[in-house]
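Let me begin by presenting the structure, written as structure tokens, before commenting on it.
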Amino acid sequence: MDTSDWFRQRFDPHQCPVLNHTHILDPQALRWWLGLQHNTDKQTLEEVMSQLFQVIPPPSLDLQPLPSRCRSCAVVGNSGNLRHSGHGKMIDSHTSVIRMNKAVTSGFEEDVGNRTTHHFLYPESAVDIVDGASLVLLPFKVKDLQWLTSALSTGHITMTYMRVKERIKADLEKVLVVNPEFFKYCHEHWTEGHGRYPSTGLVALIYALHTCDQLSLFGYGADQNGNWDHYWEENPYPGAFRKTGVHNADYETQIIHRLAQEHKITLRT
Ligand code: C5P
């Protein structure tokens, strides 16, 4: 398949999606990342990472796609457009199934399936992880890494900017942390500075582009009023992100459509 200039200019195969214990963040990336949300902590990132990697093992996964082993991946956003989609079986048929934030499957199997291999979240969106799946933390601040250490061990962190889940059920051997440098790469190369930072869904999609061979995207897309509604709820305040302008939903949608046009992903909405 031909790769366009558009794709080549954005996709950097040398980016490392996952943080490991030896990683020293590039100072520019660190500055960008520390500016995302309010940071109050006195501990250095090195100290925080060192404590985290005493609780979880460094990633040993081979994240690069292997030509000999075709890995298909379903990335499942939380859009209300999954309701009555009947996509459940198709989603579950992929090798990997990535879900995110408060995604639920119970009671929605017909439309969203029930397998999960990776669950992207951050402290304020955390849920327990189903057996066998990887928790993938998308960190926005130093406290998020401290929270992960705590939530998997002592449970002493109960607040970030809001009350958060004290403990989380997850397989320690499978916990992964998105590399803040990769997050910045998503912001600069893909959303190109539109919005304050990319959405969880956009980061999960680019993560999958880097780690899977064949990618299908489900559950992305705003409702008819342009709000990011969820398939499992009557949405009381679904437009929160759009109103605050933290993410640029329209620009992210353009990227998704372009990737589909270029056959880098299959869009199932
Ligand atoms: O709402 P939440 O952030 O949990 O949803 C996960 C991701 O799914 C979002 O970050 C966004 O990329 C995508 N989404 C979407 N359209 C919606 C709801 C969510 O594209 N209506």
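Just so you know, glycine gets a Cβ as well, placed from its N, Cα and C.
These come from TrEMBL:
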BINDING   Gln37, Asn78, Asn101, Tyr161, Tyr197, Gly201, Gly221, His230, His247  substrate binding site
DISULFID  Cys73-Cys212  disulfide bond
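Sequence features annotated in TrEMBL and their locations in the structure.
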{"residue": "Gln37", "record": "substrate binding site", "contacts (Cβ under 8 Å, 6+ apart)": "Phe140, Lys141, Tyr161"}
{"residue": "Cys73", "record": "disulfide bond", "contacts (Cβ under 8 Å, 6+ apart)": "His94, Thr95, Ser96, Val97, Ile98, Ala208, Thr211, Cys212, Asp213, Gln214, Leu215, Ser216"}
{"residue": "Asn101", "record": "substrate binding site", "contacts (Cβ under 8 Å, 6+ apart)": "Asn78, Phe120, Leu121, Tyr122, Ser125, Val127, Thr200"}
{"residue": "Tyr197", "record": "substrate binding site", "contacts (Cβ under 8 Å, 6+ apart)": "Leu36, Phe140, Phe183, His187, Thr191, Val246, His247"}
{"residue": "Gly221", "record": "substrate binding site", "contacts (Cβ under 8 Å, 6+ apart)": "Gly77, Ser79, Asn81, Thr253, Thr269"}
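Among the recorded positions Gln37, Cys73, Asn101, Tyr197, Cys212, Gly221, residues whose Cβ is positioned under 6 Å from ligand 1 are identified as Asn101, Gly221. Under the three-state DSSP scheme, His247 (substrate binding site) falls in the strand class. Among the residues Gln37, Asn78, Asn101, Tyr161, Tyr197, Gly201, Gly221, His230, His247 said to bind substrate, no two Cα atoms are farther apart than 28 Å.
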